[in-house]
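Here is what Swiss-Prot records for this protein:
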REPEAT    62-106  repeat 'WD 1'
REPEAT    109-150  repeat 'WD 2'
REPEAT    156-195  repeat 'WD 3'
REPEAT    288-327  repeat 'WD 4'
REPEAT    330-369  repeat 'WD 5'
REPEAT    372-411  repeat 'WD 6'
REPEAT    415-454  repeat 'WD 7'
REPEAT    459-498  repeat 'WD 8'
REPEAT    500-539  repeat 'WD 9'
REPEAT    543-582  repeat 'WD 10'
REPEAT    585-620  repeat 'WD 11'
Amino acid sequence: MDNKISPEAQVAELELDAVIGFNGHVPTGLKCHPDQEHMIYPLGCTVLIQAINTKEQNFLQGHGNNVSCLAISRSGEYIASGQVTFMGFKADIILWDYKNRELLARLSLHKGKIEALAFSPNDLYLVSLGGPDDGSVVVWSIAKRDAICGSPAAGLNVGNATNVIFSRCRDEMFMTAGNGTIRVWELDLPNRKIWPTECQTGQLKRIVMSIGVDDDDSFFYLGTTTGDILKMNPRTKLLTDVGPAKDKFSLGVSAIRCLKMGGLLVGSGAGLLVFCKSPGYKPIKKIQLQGGITSITLRGEGHQFLVGTEESHIYRVSFTDFKETLIATCHFDAVEDIVFPFGTAELFATCAKKDIRVWHTSSNRELLRITVPNMTCHGIDFMRDGKSIISAWNDGKIRAFAPETGRLMYVINNAHRIGVTAIATTSDCKRVISGGGEGEVRVWQIGCQTQKLEEALKEHKSSVSCIRVKRNNEECVTASTDGTCIIWDLVRLRRNQMILANTLFQCVCYHPEEFQIITSGTDRKIAYWEVFDGTVIRELEGSLSGSINGMDITQEGVHFVTGGNDHLVKVWDYNEGEVTHVGVGHSGNITRIRISPGNQYIVSVSADGAILRWKYPYTS
């Protein structure tokens, strides 16, 4: 039996329907395009272009690692994005053509990380700032797609520069700022040199987080970690004023934008969005948002603007009434699980750190958010009758919520010693089976008002990673990171069969006819096992590079899907054991994957907080 992956030529590509995700940790990562119709933001290694009104998405893919900064030219013709990479390796800057959504050039000089990027006002030059291991500033010619010159970004006795901004009127002047350094640079094109002038702040010592410049270049403003704003004159290189004197912005001024009509939009690390004016910087208008503000981008002249926060929220704010509207949101941490309710593909639930969210499948809208502060949810399942969402938490509790309102229905305290790591429900809605970090599998009897422990099954030596229940509720299979899969008899509550392999099992599935199971894990192999006697039927090479973390099988049992640390979604033919389709789009490790009831979609979730929806390639 041939267990090799068939040649790539025969493998079709999976069609990506939609992406739910936004990396809010990238400073000034959210941008509004000058056409005022699209917003551009990073997610993992991808740059997303999304229509604000129609929500239509395009993807710019080309980075080999996470995108760390983003810039857009004033004309809107070009997008530049920089990435992080491993120590000592070159980090790429990619120049994109916005109109055709294609890669124009790859600019490689910096090492380790690209800290910040800025375009000159007439699209002549791009300036880039290297990360802490690189420490240089480079000016690139956009026409020639080549470096003009470079220089160390900061002096010897100060910290790193982390922010860069171009002058609004002149193509030859830009400013950099960072830890104890503020510099104004002049580009000398005939001699291919850049000349810095250190700005004088007197006794003030500040670490700059954000930078903004007036439309006429008369002043530039620096937001600091101290929570105040420095106003500098680029001609005299002197400090004009500093404020506010009292009530500084909590957790620093993390985003700053100058408005054409005068005044500043300021975002703080504590999520406060403020409109204020120099020299007092007292709040004239303010609103509190969720998560530290990392981006403020104007839509047009600033009558409306978009705000991005660390908790991956994108808000639209109109200047006149200063009220926020949440237009996009997603998980800001690794997504641990995804599940569809029985028999419907209209909605699905995901869980991550702090919360469980229920999404509308076709529109990508968040319908419900259930928050439990400072806890992580490792697994979720819908009861078959749709009356509750059962969830497994790292504080050792099993919590049940109402799916329409998010109301807490009941809690099973101390369900497991080292956190609950996996959970499943029976189709008669009378039992919940949970697995813990210590390796115990526990069967709970769920009544109208009571939750009773029926049995604790102690066989596994390490955490339980996945539980699947047979359709008749008389048997279930649990996979564990101790290298065993155990098939349990749920009537007599004892072990039926044990499967051993030299791997950390991450996922397991029953074939719909329920005489075989398929497993996978860190050894990258997909194994088919006989349920009756636990013998291995066949093994396939599931991935060439990383662990397989998620797996699901269709209701007919003809195809199954896998996803893992190689960031690829693969569709397999069950009988042939061959890959038929591959989906490329994830930037983080895929943690779980599901096929929707009715085989319309495949939904995969990953460690970078992204949820990707793929079109199922076969018609059922």
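Cβ atoms here come from the backbone N, Cα and C positions, even for glycine.
Each residue in the repeat 'WD 4' (288-327) gets a DSSP state, and the totals come to 0 helix, 25 strand, 15 coil. Within the same chain, residues 12, 14-21, 23, 43-46, 59, 61, 66, 312, 330-340, 342-345, 348, 350, 352, 359, 361, 364, 546-547, 549-556, 558-559, 561-565, 567-569, 571 sit at least 6 positions outside the repeat 'WD 11' (585-620) and bring their C-beta atoms closer than 8 Å to a C-beta of that stretch. In the repeat 'WD 9' (500-539), the DSSP tally of helix, strand and coil residues is 0 helix, 23 strand, 17 coil.
Outside the repeat 'WD 5' (330-369) by six or more residues, the chain places 18, 20-22, 24-25, 55, 291, 310-312, 375-382, 384, 386, 389, 391, 401, 403-406, 427, 588, 591-594, 596-598, 600-601, 603-611, 613 with a CB less than 8 A from a CB of the stretch.
Of the two recorded stretches, the repeat 'WD 3' (156-195) does not lie close to the repeat 'WD 8' (459-498), with fewer than three CB pairs under 8 Å once pairs fewer than 6 apart in sequence are set aside.
For the repeat 'WD 7' (415-454), the model gives a mean pLDDT of 93.
Listed by sequence, the residues of this chain that lie at least six past the ends of the repeat 'WD 2' (109-150) yet keep a Cβ under 8 A from its Cβ atoms are 27-28, 68-75, 77-78, 80-93, 95, 160-171, 174, 176, 185, 187, 189, 192-194.
DSSP places the residues of the repeat 'WD 11' (585-620) in helix, strand and coil in these numbers: 0 helix, 17 strand, 19 coil.
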